[in-house]
């Protein structure tokens, strides 16, 4: 039996803490591909594609044999070669594609069925993916193809876990942004999971046993969701407070009414009650004569609070707006850069150390540990996006007792939307600067310097999604936020599929040398500066519009003697 929203609210701290842990262990774990790749090769996945070399002796994972490019080597008693790398990288491409592309349909499904069912499905898919990998590892020569299905389910299940956890912060009021940062940070830090599992694997624990236990832990996630997550979605901060336990059926309200609708309806009632005492005044009599009923029936509440749809741009208008198109370019380039590096990192390191598998394994573990930096970087970008917003004036807020304070000179506040655009511009400029720095360090064939590349890669990955989300929230209507974010994820995931041909080009014609691929991606990443440059122009446009509105308000005040523009209900 699913708990109610009130019960879920009482358990919100338990749900939030477990959600952070579950994100770390079960969400985007596929981003720790470098460590998983070593384990898959050590277990013989697609080893049958390799031809046994004549001059390389049998070794282990830590073998220091240095075969030439394209030659086979031994890992834990299994052959390893370029054909195997290409096939496994293709499986990673499929899984990472689903990790991003599934966002749009997930948003549609969650709007219809709520987060509970989606999270149950995601945890079940993750458990099945672990069992499929374990089953494939039992007979790798015959069942290696299962890795494609397993990684697809892994990506889908992981994104279900991430997507549903982002609804939990709605229950924490003023701490909402902090918990969103924690959820995003734990999602981005989940790349540390496979490096941690690799440490257990290197300690001698069977790969199959590890995966079976992991699947069992995913079953615990299923049970936690089953007993604690409600059927209804968690209302946002602007929605009804959980402490309200009064039933409003006597008012004829639907049980799924949102807090925003409730607020508008109750506000309408309050206005009519305040008007009731002066109903006999001339102005109200005119209103009554024009057919505007001021009664308190439930029928009268139904249509008096309709949103101003005319003020909001259409969805297609938002899709073809310059900000969205430039953000798509930025996200596509960034996603391709990050995904290619994760997929090709082992081969890049192998090229730098001339095939020393022990050193490759060490640096792969370092990369995995550094993913925990995302828990720190996610709040940083959140702070940048919220910079000075508390000092701003919200356009939706109506000034109270403005006439009484006309003689007092007040400190002029910033416009909230302009400040949000300014913050987004700074966030994107800083993030893209880090991305360019990452591209430069990748060009330098120095092994210790790659640790700096790991750090920059982690920071950019933790920054970019929060920056895009903050920009969309500032520019577009809230009703379009989910659809636009899902569309952006889908398009950037499709573009990131280019990492497979880039990997094939690096392993084939370029003979394992990533130099020219990195040069091309570095030049491509310069396109990311187009968005902050446009945001500067857009901010100036908003400032001109704000100045025009202020001049209009002064003119209205001069003509009417008051700046309080009221609308009669």
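Here the Cβ of each residue, glycine as well, is placed from N, Cα and C on the backbone.
Positions annotated as N-linked glycosylation site by Swiss-Prot: 55 (among others).
If you look up Swiss-Prot, you'll see 58 (among others) marked as N-linked glycosylation site, on the strength of sequence analysis.
The feature N-linked glycosylation site is assigned by Swiss-Prot to 560 (among others).
Summarising the annotation, Swiss-Prot assigns phosphoserine to 274 (among others) and lists similarity to another entry as the type of evidence.
Among the features that Swiss-Prot reports, phosphoserine is placed at 278 (among others).
Per Swiss-Prot, the feature phosphoserine maps to 297 (among others).
According to Swiss-Prot, the region 'Disordered' annotation covers 395-416.
The transmembrane segment annotation in Swiss-Prot covers 20-40 (among others) and rests on sequence analysis. Beyond its flanks by at least six residues, the transmembrane segment (20-40) meets 61, 75, 88, 92, 95-96, 99, 123, 126, 147, 151, 154-155, 157-159, 161-162, 165, 182-183, 186-195, 197-198, 201, 207, 217-218, 221, 224, 342-343, 345-346, 357, 360-361, 364-365, 367-368, 371, 461 of its own chain at Cβ-Cβ distances under 8 Å.
Within the chain, the transmembrane segment (90-110) has long-range Cβ neighbours (under 8 A, six or more residues past its boundaries) at 28, 30-31, 33, 37, 118, 147-148, 151-152, 154-156, 158-160, 163-164, 167, 233, 335, 339, 342-343, 482-483, 485-487, 489-490, 492-494, 496-497, 499-500. What Swiss-Prot lists as transmembrane segment is 90-110 (among others).
Same-chain neighbours of the transmembrane segment (120-140): 26, 43-48, 78, 146-147, 149-154, 156-161, 164, 207-208, 211-212, 214-216, 218-219, 221-222, 225-226, counting only residues six or more beyond its ends whose CB sits under 8 Å from a CB of the stretch. The transmembrane segment feature in Swiss-Prot is assigned to 120-140 (among others).
According to Swiss-Prot, the feature transmembrane segment maps to 143-163 (among others), an assignment based on sequence analysis. With a threshold of 8 Å between CB atoms, the same-chain residues lying at least 6 positions outside the transmembrane segment (143-163) that come near it are 22-23, 26-30, 40, 44-46, 48, 87-88, 90-92, 94-100, 102-103, 106-107, 110, 115, 118-119, 121-130, 132-133, 135-136, 183, 187, 190, 218, 221.
Summarising the annotation, Swiss-Prot assigns transmembrane segment to 177-197 (among others). Within its own chain, the transmembrane segment (177-197) is flanked in space by residues 16, 19-21, 23-29, 31-36, 39, 158, 162, 165-166, 168-169, 210, 214, 342, 364-365, 367-369, 371-379, 382, 386, 458, 461-462, 465-466, which lie at least six positions past its ends and keep a Cβ under 8 Å from the stretch.
As annotated by Swiss-Prot, transmembrane segment applies to 203-223 (among others), with the evidence given as sequence analysis. Same-chain residues lying 6+ beyond the ends of the transmembrane segment (203-223) with a Cβ under 8 Å from its Cβ atoms: 22, 25-26, 39, 42-43, 119-120, 123-124, 126-128, 130-131, 133-134, 137-138, 157, 161, 197.
Feature annotation from Swiss-Prot assigns transmembrane segment to 309-329 (among others).
Annotation source Swiss-Prot lists transmembrane segment at 361-381 (among others), citing sequence analysis.
The annotation transmembrane segment is assigned in Swiss-Prot to 435-455 (among others).
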When you look at the transmembrane segment (435-455) alongside the transmembrane segment (309-329), do they share 3+ Cβ pairs under 8 Å, ignoring any pair fewer than 6 residues apart in sequence? no
Note: vs the transmembrane segment (462-482), the recorded stretch with the largest number of Cβ pairs under 8 Å from 361-381, 435-455, 490-510, 516-536 is 361-381
Other than its close neighbours in sequence, what residues sit by the transmembrane segment (490-510), given a CB gap under 8 Å and a spacing of at least six beyond its ends? 82, 85-86, 89-90, 93, 96-101, 103-104, 328, 331-332, 334-336, 339-340, 343-344, 347, 516-517, 521
For the transmembrane segment (435-455), find every same-chain residue at least 6 residues outside the stretch whose CB is under 8 Å from a CB in it, and list them. 334, 337, 341, 348-349, 352-353, 359, 363, 366-367, 370, 373, 514-515, 518-519, 521-522, 525-526, 528
